[in-house]
């Protein structure tokens, strides 16, 4: 009982510590609100028209920033669907078998009926021993969350959350509105910052808030612009941060551009087709996070496009994640060909549904 109790206390302390970066950002933003609204606009700006315009514009940027930040923090990362998890019977079978070819054969049987095309660098099936599941394409195990995250980009301490399929759009908007927020403050505070050094401001506490506000906004603008620019580049190439450091591997080998469909389709995969939702922290990304179209014309012939026995008509009313009903080849993918779409009622033929076992394939645990 003692080890269990100490472990629980340790995890509780870790959860508290993880919120420190978020608390730091919240304090900085709260102070910037007070410094800009009260000390700058209300106390220092004399022109009524300028005061109203600055306050209105500031609150637009502030609200969009706060909304995007909230969504990035509190949107739960999506985990692989149950089709990728080992069943209770498969787990028992694995426990009874020795760590040898017989166990690998069980995993191959499970993997052949799933829409996966990526492999480990050695060509093995990507299997998470900790979560007991076959990893979907672009899915990785987060050591902080201790879960497999769909299309994981990275674990961000500034939002105390994993950035992945479910909140990557929110993270991009958070960076964008953070940058615009800082640039707006720096631009409108500049003239008063100059007055501070030329003794053009009254000798009140407002002058020190104005000075530090300009310094903070300028420094954050530099760091945010580089980070936002980097993630814009990732979106244009349809890569995650993890894939930028290590290219995803397919049957033919590693391919850093394997998921890139061209700038327009790469952008829409993250932000969606409806332009009215692009600037809003509302989920509009394409797909289900479990399968992705690739630029490869010749897909892995040994992997079907949907789990065997998966029937969309049997889904619960609350579930929205579906697998594509046909293989994600270049001539069939909705992202590669916007004029063609699939219906949930369509099914692959029996051959595709069964899949084929590859005797040369080995299984590796990848956490």
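Glycine too: its Cβ is placed from the backbone N, Cα and C atoms.
Whatever TrEMBL says is automated annotation, not expert-curated.
Copied from TrEMBL, the annotated features are:
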TRANSMEM  16-36  transmembrane segment
TRANSMEM  48-70  transmembrane segment
DOMAIN    126-245  domain 'Palmitoyltransferase DHHC'
TRANSMEM  170-188  transmembrane segment
TRANSMEM  208-230  transmembrane segment
REGION    294-367  region 'Disordered'
COMPBIAS  296-323  compositional bias 'Polar residues'
COMPBIAS  333-343  compositional bias 'Polar residues'
COMPBIAS  344-355  compositional bias 'Basic and acidic residues'
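Proximity of distant same-chain residues to the transmembrane segment (48-70), defined by a Cβ-Cβ separation under 8 Å and at least 6 residues beyond the stretch ends, is recorded for 25, 29, 33, 36-37, 40-42, 159, 170, 173-174, 176-178, 180-181, 184-185, 188, 279, 281. Within the domain 'Palmitoyltransferase DHHC' (126-245), the DSSP-based counts of helix, strand and coil residues read 67 helix, 17 strand, 36 coil. Averaged over the domain 'Palmitoyltransferase DHHC' (126-245), the predicted model reaches a pLDDT of 93.
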